[in-house]
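**Q** Following this message is one structure expressed as structure tokens.
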């Protein structure tokens, strides 16, 4: 925002040099990006009176002028402007002056044989316009005097501060807001503009107080008749130009002036045009959401098709403006306008943001509404605009009607503790360079300076009532503490280190386990991935954002698997080969009784990640189901956990015959399997890609057990083992996991290993059965087992398989 220092000094009596003031504002969080000192643009430039003008003897396009500039004798100046003539007031750059905008230092020179002792300037040469058709000529009735500086006449006696503020400071987008800030930083006197009271005793039946106001809105309309549209007075034009706003006419310029001064967007409609649009003199103004397919031609001459997210102002239910963004071209103020409807409104920031985004249109008005306009000052800003309109454009106020549905509470109270302030901010540097804590007097002085009202409710505890113009950014105690630090000056706090206790810096058990899991996954060859939690909507179970930045990222993810598949596909299409990766993240979903979230771990792997294919004649050797399963098992073996695989067909993205649910000591852990062939074919992926998604909370619960906190070494047995092979026919519906569970249970402490080493389906095998062969290893840690010890246990295993699964023993 561009701030005129002269305008600012009318509101707050500050005599600091621009550089000093800029530094104070920057340290307080308002970064001054540029100091535009316009006083240097016209240093040495004075008002001159052209006494005579003669044709240059040696050039057709040059004139020789005698110009009075307040010196003893007129000076001779050669001028090339076509509009120079005698008896006009002009701006003259005297000898020795420097014009920074054109990088020119004036010195005596000869032009085609005639000596010139200065230069008659155009506005472009003084930096006021980009181009000029000739020299600038002052009005005859300006009461000028030869030799007086031109700076005050052209607004070149001012300094402009170009500053930016943080997004939470809605009040900083107004000159009064900056003036309040300067008052707080310098203890200067603040003087706000005087606002009169309009005579609203007259009413008119042609105005009907019928408002269809959208919840969360405040809307007032003031009818003014008998206005005269004309150029704005020079002082108003200068202030708008200094702020970087183009002048249009007196009415529009006044609304822009209030926008800069109070930060309150206003809009002036041509009332008669509104009546024509509505088709009735009985005017009904409304605020509603646009209907899909409605169109509106805005002031930038763009015909816009409105989305349902757009908020519109209506006349007779016909859209006439984008609420809080831009007015409509069909109701704009023109030279023929004599009746106005002055709109002053407060809209929900979210509603304006959606409306502006739906049209790809951001304006000075929408920028302020999006941050939050101070609704309590809306009547003051409206009356200030009415005062200026009556003063500059004439007319009579006929009526004013207000409709509101806003529930916004512009003032609220916050509990503030002195102890908490000093705990967070630490001591300050005193004048004697000793460190001391902030006192109660300091807190009251600083917060009172920004408009807060403090009531002491306990020993060094206040109830702080926040001013309405700061209700958007001062919401919690920590916000007030930040204000104390900002106003006192960050550089005035002492340099201290926080005390460290013996327990400081330790990782929580949960975080430590997560890091171990990540390290193990990297150790087995998986790369850690990270995806956005925001995804494209497509399911009723998704949690949808109330105010999304983009429609493609307007919902929260239901799982990690979708992102992992997308990442695998992207890497494959980019020629980077198969992706072996894992991700730890949070998923979200909704149910009838509310919203839920949980931590998950997912992974994906497939294809042939190996190198040295030349040894296989260039043939790929893709990882198979058992190898992928082995990667997952190795991860759990590193933590001393054994997982159980059971058939699973609940997710259509997985192969129905090569998918398993994972169980950990009776708790469902997740799912692992091969992606469905149709999914891989549709995405152009390798034929065999495997993925898993695990409930991280279940995993961490099993790891966070006292017996697992400290690793224990189990010595290897130094005694020989006794192996037994067990072969049998079994129904194909029986899983190997079920068989292994029974074998281990019956084998007891003596059974150390169970390994499936053969499977056969074919000739000589009964129908719907298969032949399986297991190798059972029996071992004791303190002795060599004898046949008498092994055989009874082994027979018990065999008998249990026959009884439980009706197997046909072959050995």
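Including glycine, each Cβ sits where the backbone N, Cα and C put it.
Features from Swiss-Prot:
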type	residues	note
DOMAIN	39-151	domain 'tRNA-binding'
DOMAIN	409-495	domain 'B5'
BINDING	473, 479, 482, 483	Mg(2+) binding site
DOMAIN	717-810	domain 'FDX-ACB'
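Help me understand the surroundings of these features in the structure.
**A** According to DSSP, the secondary structure content of the domain 'tRNA-binding' (39-151) in residues is 6 helix, 42 strand, 65 coil.
The Cβ of residue 479 (Mg(2+) binding site) lies under 8 Å from the Cβ of 414, 473, each on the same chain and at least six residues away in sequence.
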**Q** Please work out the helix, strand and coil residue numbers for the domain 'FDX-ACB' (717-810) from the DSSP assignment.
**A** 34 helix, 32 strand, 28 coil
**Q** Per DSSP, what is the residue tally for the domain 'B5' (409-495) in helix, strand and coil?
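**A** Helix/strand/coil tally for the domain 'B5' (409-495): 36 helix, 21 strand, 30 coil.
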**Q** Just name the most isolated of the binding-site residues 473, 482, 483, going by other Cβ atoms within 10 Å of its Cβ.
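**A** Counting other Cβ atoms within 10 Å of each of the binding-site residues 473, 482, 483 gives the minimum at 482.
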**Q** Just to confirm my parser: what is the rounded mean pLDDT across the domain 'B5' (409-495)?
**A** 90
